[in-house]
Amino acid sequence: MSFFNFRKIFKLGSEKKKKQYEHVKRDLNPEEFWEIIGELGDGAFGKVYKAQNKETNVLAAAKVIDTKSEEELEDYMVEIDILASCDHPNIVKLLDAFYYENNLWILIEFCAGGAVDAVMLELERPLTESQIQVVCKQTLEALNYLHDNKIIHRDLKAGNILFTLDGDIKLADFGVSAKNTRTIQRRDSFIGTPYWMAPEVVMCETSKDRPYDYKADVWSLGITLIEMAEIEPPHHELNPMRVLLKIAKSEPPTLAQPSKWSSNFKDFLRKCLEKNVDARWTTSQLLQHPFVTVDSNKPVRELIAEAKAEVTEEVEDGKEEDEEEEAENALPIPANKRASSDLSIASSEEDKLSQNACILESVSERTEQSTSEDKFSNKILNEKPTTDGPEKAVDEHASDVNLETGAELNDQTVGIHENGREKKRPKLENLPDTQDQQTVDVNSVSEENENNRVTLETNTDCLKPEEDRNKENQETLESKLIQSEEINDTHIQTMDLVSQETGEKEADFQAVDNEVGLTKEETQEKLGKDGTAQKVITSDRSSEVGTDEALDDTQKAAELSKAAQSGEGDEALAPTQTLAEKPTEGPEAGGAEEEPPGGERVEDKQPEQQPAVCEAEGQLTSTSETTRATLEQPETDEVEQVSESNSIEELERLVVTGAEARALGSEGEAAATEVDLERKENAQKVPVKAESQAPAASQPSEPHPVLIPSININSETTENKEEMGALPKPETILPPEPEHEKGNDTDSGTGSTVENSSGDLNLSISSFLSKAKDSGSVSLQETRRQKKTLKKTRKFIVDGVEVSVTTSKIVTDSDSKTEELRFLRRQELRELRLLQKEEQRAQQQLNGKLQQQREQIFRRFEQEMLSKKRQYDQEIENLEKQQKQTIERLEQEHTNRLRDEAKRIKGEQEKELSKFQNVLKNRKKEVMNEVEKAPRELRRELTKRRKEELAQSQHAQEQEFVQKQQQELDGSLKKIIQQQKAELANIERECLNNKQQLMRAREAAIWELEERHLQEKHQLLKQQLKDQYFMQRHQLLKRHEKETEQMQRYNQRLIEELKNRQTQERARLPKIQRSEAKTRMAMFKKSLRINSTATPDQDREKIKQFAAQEEKRQKNERMAQHQKHESQMRDLQLQCEANVRELHQLQNEKCHLLVEHETQKLKELDEEHSQELKEWREKLRPRKKTLEEEFARKLQEQEVFFKMTGESECLNPSAQSRISKFYPIPTLHSTGS
């Protein structure tokens, strides 16, 4: 056995040699150099730890990735190489990299400020424009550096932009980045996070025809800017498939509220978000834009200081009485986005203005008006609807908004925010035992968004006598009037809340003049259920004049409510309500509000709803600015003149009508709402118009603060509890923001709470929630019962000045649900990221395999061509060698034959010459004999003369004879030479013909080979294209399976949540009914005592009848609840099925689109092949013609050559032949005479 076989058996030396990487240290334990001091997070490919160098104490973020093979290790080398090669102040630096025990450690620079999206989540608000400018400029500089170094980031988003404590940013996460080798190189990988993908990247999912370049990062930058301005990226409420379609087909996204932002910002976004790649600006061009001409990073330093500030948390539990009251007064509060509380605190007015310049352009600074849940309440008293239709319209609307917020009832105080102007009005409350006084820190500015209540040094003073409260109310009024006038002088602008998708105005907050002192009252008549006239007084009083009158009104109201509290009654309705509101601009004066969901004005379409807006300039109110209680009364102009008996009769009527109306939708209707006094105060100066337009979807990430009433119930005063109990189901005219959200029924709505990298595959939560309209009351009551108030106080130092910011937030179960949803979406995004990584690896492997196939086939083509040419060249060479040998042999034979023939002829001629010489000798003898016969004396002279004559004649004869022999010899030799030349010509011609035939065969074989190579290359490219599309289909199906799985999980979560909510509602309903029955019975008995005209037996009979009616009503309520639950479950299941169908439809469209692209590409490939073959054949004809012409020319040259040779030798026939020169005929001198 050989040694090599021995090695094969024992696998000696067969292990693949480990590849060494420049920046990765192998077989070194990183924990010997770095100490893990904490965990930072859990990324898509592994955990991220906080590490510290044991020698230098440098901090680093250590990403630990489990890699099972060398191939997986190579996937991360691009990221490591990019990090190692980049040296820029705005790009994180690679500190170290190890590969140890199948774990890849990547240690990068630690940024203590955290990611931008994490900071927004921590502060629960978006960035200001000045902060966005700083982040944008530094990000642009980093991108410009990357693009100059041929690097495409491909995953730019707020989560990959990190803050340092110095106020700078660093770009991170190059896990999916691409490092090109050429400047103009393009990419066609479908990779990145869907919400930030450029349109040209999205198109690469199904078509690789139009690859992208560095400008894809510019689009992602524009999306990231919108994300920083609105907390969420555009279309974040959609599932990724819808997002991809939206990006590809719709117009570029814009800001939700353009009026809030500067023109430079909007123009910068237009330059970034240009769908035409050629028209989109580059990073170098964007760096010249005026939006990024900032030098100081102070806004970011302040932001980081606030985010990293010391936080003190305080949790307050709500009291049971409050919770029960709130169960009757559930208020829709938006909770569909990241919580936001625009805080920006400065130490002086100048600091405030400089720090919040961008905010103050569109959002006024908001004074904190926090209210403690268990200390006081603002009651909203509402008349019970007399008909079911209009009531249900509003109820469904309120319930829809309640549900759409996910029951996330962050009970907070929110003021009306104008564009650069805030009206501050005094808070006066009609509570005998409770008063809440709030002071605003002058050195602080609190800006609050939809789900947060910002509190600055809130002091609550409880249980004061009524006289003290009135006095303090007056003082509070005066102090707040001063503040209001100061701010009114500073900020006089206008802000509109606009729905982004439809452009419809939901509410116009219009600034009003600063003049005070005008008092105006308007009376509106409405018909109640029994046809009696009802009047609502809309009063507009100045902040100074109407204070005493309002105090008198509230005292009257308190007296009347006390008189109605005898017996078991838990509730009594305040009989007098004063309305404070300036006339709105429009056809109807008196501040008439409109109801947007149905496009109906409350005064026109809902006569049973006449909310009383309480005046805040002096009243201790028990009603809200958005609701008006209508009391049955005589035809009078003054509400204060209503008698006590009329009030009680009205209460009784409300009890009866309310009982009938509640059977239809008590659980699903929004309960009566308390509105913070700040709303009332602002409403007196700022008329609110809710335009009656069709509800439409709005941008979910709208950061602009809107009007949201807080829900505050006072459990310490019996009077107010009784007042609230007197209303079985008060109604509420919803504020503009819930109306705004009512339109969010579509996928672009605000129904889901997501993080910045939301990857949820489901449709908008609001699309489901809008289906469950009438299910809110009981679940909201349960949520209210469990809520806690969380106060956060942040203390930090900005430029040497310590700043304290306090925020209050209601903590409910929905908060944990939001966190759970965010976690689930983060998991889904990680799954998507891992899937993309696997796809990228598989694509790279396939590309490598296909490239190898192409190289192999081209190498084989070349080898076959060389082999074929070599074969024919060898044959031609052999033919030429054979021809040469034949010619040489023939020439040798010809020479020998010529020599032999010359010898033979020469021998014969020598014999003939000797004979001729003998003849001449004999003649000479004869002449001599004749001379001897002559006389002797003559003989001598005659002999001499005769000899001379004989010699001359014989010499001439001999010369003539020799010449004749030479001619004969030359003729014979020439004949032989001509024969040989003809023979050679024939052989040469035959050889040339054979050679040309070989050359023809060679060319034909080459042409055939070329054609076969073209066919094989086409088949290979076609098969490779099919393999690529098969891979794409496979990857697309895997993505679709993952999306379907996520959709099913989401649908299951919705069903489980609905089941839980319905279970809670079923459990709560008996308790609510018992409490309600008790209250209604007490009110009924009280009304009997007041109108005691019957005997006790008759009263007892009436009470029995009333109890029977109550039992029947409760049974109807239970039945209605059961039917509603079944309807909700059915609607939800239908919605889930519709969601799945829609998802499958989108998936099928993508698969169909991919198949169409494949068919189109195959068709194009066939057309290209046909064209190439056609062009090759067209080029083949001239090649054949040229070859034949070359062959004819060579034949002609050969013929001319042989012809010229023959002629040249025959030009001088008398000349001695070349051959005869070699074989000379013997002359006379060679023969002896």
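Think of each number as a place in line: the chain as shown, counted from 1.
Backbone N, Cα and C atoms are what each Cβ position is placed from, and that goes for glycine too.
What Swiss-Prot records for ASP155 is active site, proton acceptor.
Secondary structure at GLY46 (ATP binding site), taken from DSSP and collapsed to helix, strand or coil, is strand. The Cβ neighbour count for GLY46 (ATP binding site), using a 10 Å radius over every protein chain in view, is 17. The ATP binding site feature in Swiss-Prot is assigned to LEU40, GLY41, ASP42, GLY43, ALA44, PHE45, GLY46, LYS47, VAL48, LYS63; the stated evidence is sequence analysis.
The coiled coil annotation in Swiss-Prot covers 824-1067 (among others) and rests on sequence analysis.
Summarising the annotation, Swiss-Prot assigns coiled coil to 1107-1181 (among others) and lists sequence analysis as the type of evidence. Across all of the coiled coil (1107-1181), the predicted model scores a mean pLDDT of 90.
Under the heading compositional bias 'Acidic residues', Swiss-Prot lists 312-328.
The compositional bias 'Basic and acidic residues' feature in Swiss-Prot is assigned to 363-399 (among others).
Annotation source Swiss-Prot lists compositional bias 'Polar residues' at 432-441 (among others).
The compositional bias 'Basic and acidic residues' feature in Swiss-Prot is assigned to 518-529 (among others).
The annotation compositional bias 'Basic and acidic residues' is assigned in Swiss-Prot to 598-607 (among others).
The compositional bias 'Polar residues' feature in Swiss-Prot is assigned to 619-630 (among others).
Among the features that Swiss-Prot reports, compositional bias 'Low complexity' is placed at 690-701 (among others).
What Swiss-Prot records for 746-761 (among others) is compositional bias 'Polar residues'.
If you look up Swiss-Prot, you'll see 954-963 (among others) marked as compositional bias 'Low complexity'. Counting residue by residue with DSSP, the compositional bias 'Low complexity' (954-963) contains 10 helix, 0 strand, 0 coil.
If you look up Swiss-Prot, you'll see 34-292 marked as domain 'Protein kinase', on the strength of sequence analysis.
The domain 'UVR' annotation in Swiss-Prot covers 873-908.
Annotation source Swiss-Prot lists phosphoserine at SER14 (among others), citing similarity to another entry.
Straight-line distance linking the Cα atoms of ASP155 (active site, proton acceptor) and LEU40 (ATP binding site), rounded to a whole number, equals 20 Å. If you take the Cα of THR1095 (phosphothreonine) and the Cα of ASP42 (ATP binding site), they are about 77 angstrom apart, rounded to a whole number. DSSP classifies ASP155 (active site, proton acceptor) as coil under the three-state reduction. Long-range Cβ contacts of ASP42 (ATP binding site) within its own chain (separation 6+, distance under 8 Å): VAL48. Between the modified residues THR812, THR1095, THR812 has the most other Cβ atoms inside 10 Å of its own Cβ, all protein chains included. In sequence order, VAL48, TYR49, LYS50, ALA61 are the residues of the chain that are 6 or more apart from LEU40 (ATP binding site) and have a CB within less than 8 Å of its CB. Across the fold, the C-alpha of GLY46 (ATP binding site) and the C-alpha of THR812 (phosphothreonine) stand 32 Å from each other. Cβ neighbours within 10 Å of ASP155 (active site, proton acceptor), excluding its own Cβ and spanning all shown chains: 23.
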